[in-house]
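> Quick one: this structure, given as structure tokens, is what I'll be asking you about.
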Amino acid sequence: MGGNKRAYYAVARGRNTGIYSTWDEASDQVKGYGGNRYKKFDSYEAAQEFCRTEGSRYSSSSGPYRRSTTSYGYSPYSSSSSNYSARHSDKYRKKISRSYSTEKDIEIFSNDTHEKSIACSDRQVVYADGSSLRNGKKGAVAGCGVFFGNDDPRNISVPLAGEEQTNNRAELQAIILALENTSGDLTIRSDSNYSIKSLTTWLPKWKKNDFKTSNSQPVKNLDLINRASDLMSDRNVSLEYVKGHSTDYGNQQADMLARRGASE
């Protein structure tokens, strides 16, 4: 039992600060980054303290901040209002922050690009994925996967409930499961552009258009979209796009969990 002791890799200064479960993940954030600060710990609490003390010694705005994903950052807004609260200059899109890079970064526990002052350990990152076997065909079966980390008991692998066994519904439900099984600041990484855009770019427009698409058709999967939106309404949540079926370890694990759920 002693040989499987869990390690925590704290990155107090790097491309994306946070606490990582493997060295491969952490090293991507510090290799080639001038003035990096990182250390391995046997406990989450010690890694957390390192991030707080070492991270506070440096300006959060110094040095490059690069990531390969597209990040959609949420700040809390009132669920009773049809309008999203603002973060940037536009009425709606200031709730959405995007950052791009050609450099590949993988699974992270990071601060949102607009909230780097938050202690790195206060935000967790999970991967969510959905899978539908025979998607769009008769007899399709779908599953949802949420990956928290290697051997993490919180990892989720379940079949998709309901009659509609589509990939899009599985992707949305996976995000819902990630939200329902966490608390506090959260980053969800997904390879579903549909899910991310539904909850960010498109939802404000749909609300103004009586939940109709640009072609005046009813919005599909609105039950899941509204559920996810409600769960995000009182939390600081970021949705980050990662390329599916690539070398991203976290996405691979979430996909495996989703496929397993579809096979149950």
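For all residues, glycine too, the Cβ spot is worked out from N, Cα and C.
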> Which residue does Swiss-Prot record as phosphoserine, given the choices S97, S117, S246?
S97
> Name the one residue among E164, E171 that Swiss-Prot lists for the same Mg(2+) 1 site as D129, D191.
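Among E164, E171, only E171 appears alongside D129, D191 as Mg(2+) 1-binding in Swiss-Prot.
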> Within 10 Å of each Cβ, count the other Cβ atoms, then let me know which of the binding-site residues D129, E171, D191 comes out lowest.
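Output over binding-site residues D129, E171, D191: least Cβ neighbours within 10 Å is D191.
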> When DSSP states are grouped into helix, strand and coil, how many residues of the domain 'RNase H type-1' (120-263) land in each?
59 helix, 35 strand, 50 coil
> Counting across all protein chains present, how many other Cβ atoms fall within 10 Å of the Cβ of D255 (Mg(2+) 2 binding site)?
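Excluding its own Cβ, the number within 10 Å is 20.
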> Rounded to an integer, what is the Cα-Cα distance in Å between D255 (Mg(2+) 2 binding site) and D191 (Mg(2+) 1 binding site)?
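Given the Cα positions, D255 (Mg(2+) 2 binding site) is 10 Å from D191 (Mg(2+) 1 binding site).
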